[in-house]
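If you check Swiss-Prot, you get these features:
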{"type": "BINDING", "residues": "Asp14, Ser64, Asp444, His445", "note": "Mn(2+) 2 binding site"}
{"type": "ACT_SITE", "residues": "Ser64", "note": "active site, phosphoserine intermediate"}
{"type": "BINDING", "residues": "His125, Arg155, Asp156, Arg187, Arg193, Arg263, Ala264, Asp265, Arg266, Lys336", "note": "substrate binding site"}
{"type": "BINDING", "residues": "Asp403, His407, His463", "note": "Mn(2+) 1 binding site"}
Amino acid sequence: MTTTKRPIALLILDGWGYRENTHMNAIFHAKTPVLDRLNAQYPHGLISGSGLDVGLPDGQMGNSEVGHINLGSGRIVYQELTRISKAISDHEFETNPALCDAVDSAINAGGAVHIMGLLSPGGVHSHEEHIEAMCRMAVARGATKVYLHAFLDGRDTPPRSAKASLSHFDDLFTTLGHGRVASIIGRYFAMDRDNRWDRVSQAYELITQGKAKFQYDNAVTALEAAYARDENDEFVSSSAITDVDGKVATLQDGDALIFMNFRADRARQITRSFIHPDFDGFERAVVPKMHFVTLTEYAGDITAPIAYPSENLVNTLGEVLQNRGRTQLRISETEKYAHVTFFFNGGKEEPFEGEDRILINSPKVATYDLQPEMSSTELTDKLVAAIESTKYDVIICNYPNGDMVGHTGNFDAAVKACEAVDTCIGRVVEALAKVGGECIITADHGNAEQMTDETTGQAHTAHTSELVPFIFVGRDATIDKGGKLSDVAPTILQLIGETIPAEMTGKPLIHIKE
């Protein structure tokens, strides 16, 4: 017998922060009659999704991975950025077994140590301080051939800001007496997560064969040439950097390759291209037999040594719902599917018992400002059908538009993205009302509320540290002030009448009026 459910839905509006300054604020300038009405009629407030409140350094902007881990776990989770930075400052990093083994294996084989990753101070997918520590450690252990393959940012940092980083590493290698920048390429290619293998293949061929669209004798020169081609950091074409003899550095048998990104979602595809024996994303001309190490755990099927394995999170929202015999649905587009599943479940790949998942393909466009609505209509069609089925106790949905279009820096497109999401929310709220359901509307971090850098005048493509909305569309209630993302899971459990496990240190924010 099927039991009719009155679901509670958590709608996560990715990249949707609150900013009082209305200048180039796409969320403010968007026509959002649905959210305006909900804010007027229902209890609402603002909660924190950045810095110490989500386990990041004070003042550090939030991001989707961190946001969803905190949302799903119901506690502040000490993030990889903070954890690894602490290991470096405590001098534990330089004796990390996985990293030391990789460096030593290359030295003993007469090979090179290749270090790849997002060379950025952004702190979202990586941090250049970690990459510097790795370069220093490799040379200190005796490596004389150290090659940095730099993926350029311009997304979590200003669009043209890589010069300072590249110059710093040129100086660093000069100081160390060994090593150099061996290649540069934009993250658009190297860090794709939407199965655009034609992009990833360019980074793979650059590192394994030195196959590049351009070749230069200096990384900064290569970057300046890219700017002259009107390529921002994120989109810099594959560029090989030669040594004084005009030779490129390629990954060879016996070498070590250390991937310094700590965030998993954009590290998975290129990692699989290097290590999976049955990889079929593109034709690999060469597959070097090398020692590959990942900085953190990227996925269950990636079996390379891990320098900093994931810390086990127990009694996340998904696990509690499973243990209490509850049903749940996770739904999003490709771009944020991993976030409502893997990250929301505290880094667990497999679904919990009673957990269904729906993946909606994100549109195949070069950048999402070309289709700011993305696949929101199709996503909402499936979501409304799931609500009407009365099959689920809890539904977790992510609308990626504010973040993905916000990252393009295109203000007009970001406005359209917000308007598309608002229309979809109207359909979802209506469907929930028909079945007696309720919903919480919030976000994981800010982005679209700031589309220009007030200091430089450049497009602002990064996340922000702004507070995010928290709206309860349901029974008459009050909402506590000063909340944070880790308070959301306990709030949901309380709303459905379940006790909150001790591991969840967050506090329920919603108090139903009797």
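The backbone N, Cα and C atoms fix where each Cβ goes, glycine too.
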Exercise. Return the residues near Asp403 (Mn(2+) 1 binding site), defined as same-chain residues 6+ apart in sequence whose C-beta is under 8 angstroms from its C-beta, sorted by sequence, else 'none'.
Key: Asp14, Gly15, Trp16, Ser64, Lys336, His445, Asn447, Ala448, His463
Quiz item: Taking the Cβ of Asp156 (substrate binding site) as centre, how many other Cβ atoms lie within 10 Å?
Solution: 21
Quiz item: By CA distance, which of the binding-site residues (His125, Asp156, Ala264, Asp444) lies nearest to His407 (Mn(2+) 1 binding site)?
Solution: Asp156
Quiz item: Between the binding-site residues His125, Arg193, Arg266, His407, His463, where is the Cβ count within 10 Å the lowest?
Solution: Arg193
Quiz item: Helix, strand or coil at His407 (Mn(2+) 1 binding site), per DSSP?
Solution: coil
Quiz item: How long is the line from the C-alpha of Ala264 (substrate binding site) to the C-alpha of Asp444 (Mn(2+) 2 binding site), rounded to the nearest angstrom?
Solution: 17
Quiz item: When you average the Cβ positions of Asp14, Ser64, Asp444, His445 for the Mn(2+) 2 site, which other residues in that chain have a Cβ within 8 Å of that mean position?
Solution: Ile12, Gly15, Gly49, Gly62, Asn63, Gly67, His68, Lys336, His339, Asn398, Asp403, Ala443, Asn447, His463
Quiz item: Including all protein chains displayed, how many Cβ atoms other than that of His445 (Mn(2+) 2 binding site) lie within 10 Å of its Cβ?
Solution: 29
Practice problem: Let me know the most crowded of the binding-site residues, choosing from Asp14, Asp444 and counting other Cβ atoms within 10 Å. | Solution: Asp444
